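Student: Please find one structure pasted underneath; my questions will follow.
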Amino acid sequence: MTRQRIAIDMDEVLADTLGAVVKAVNERADLNIKMESLNGKKLKHMIPEHEGLVMDILKEPGFFRNLDVMPHAQEVVKQLNEHYDIYIATAAMDVPTSFHDKYEWLLEYFPFLDPQHFVFCGRKNIILADYLIDDNPKQLEIFEGKSIMFTASHNVYEHRFERVSGWRDVKNYFNSIEK
């Protein structure tokens, strides 16, 4: 029997990209932005005067290589990998300098995944999978399979998609549909 495919976004789903950006912005611009102040907002809209700084941080060599892994992501993805074909679908077109760092990060933190299943793309409607776990509503709305929204500060008021709030929720979601 053919295994179903799950495509998983990297930034804000597997990796805490926003936390690293906020930390760097706070240090460099002498600000005190708190993660909870971002609920329902994007960082670039909160500090439009520092939008260039945010992009500079994202373009720095090594930035994406040093991100923290989201809690429980490794263990849950490893368990899912036993029953599903897992693909990592990360939008890398906006920051082309991120390719190498993202690839190395995935190899380090998810060594049990097949690197041939790492997809660096722009729009995720090109991904042929049964499920997409992503924090970006724009990606989820163009995906042709089942869209699952991973909670992030910028999408808390989005209600069009089934939602998971962390990797334990992801595990529970897929455990419930296997029965």
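Note: Cβ is positioned from N, Cα and C throughout, glycine not excepted.
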Student: According to Swiss-Prot, ASP9, ASP11 bind Mg(2+); which of ASP135, ASP169 is also listed for that site?
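Tutor: For Mg(2+), Swiss-Prot names ASP9, ASP11; of ASP135, ASP169, the listed one is ASP135.
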Student: ASP135 (Mg(2+) binding site) to ASP9 (active site, nucleophile): how many Å between their Cα atoms?
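Tutor: One finds 8 Å between the Cα atoms of these residues.
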Student: Across all chains shown, how many C-beta atoms besides its own are within 10 angstroms of the C-beta of ASP9 (active site, nucleophile)?
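Tutor: Total other Cβ atoms inside 10 Å, all chains included: 22.
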Student: When a 10 Å sphere is centred on the Cβ of ASP11 (Mg(2+) binding site), how many other Cβ atoms does it contain?
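Tutor: Total other Cβ atoms inside 10 Å, all chains included: 24.
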Student: Neighbour count, 10 Å Cβ-Cβ cut-off, for ASP135 (Mg(2+) binding site): what number do you get?
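Tutor: Result for ASP135 (Mg(2+) binding site): 20 other Cβ atoms within 10 Å.
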Student: Using an 8 Å cut-off from the Cβ centroid of ASP9, ASP11, ASP135, can you name the remaining same-chain residues around the Mg(2+) site, in sequence order?
Tutor: MET10, GLU12, VAL13, LEU14, THR17, THR90, ALA91, ASP134, ASN136, PHE150, ALA152
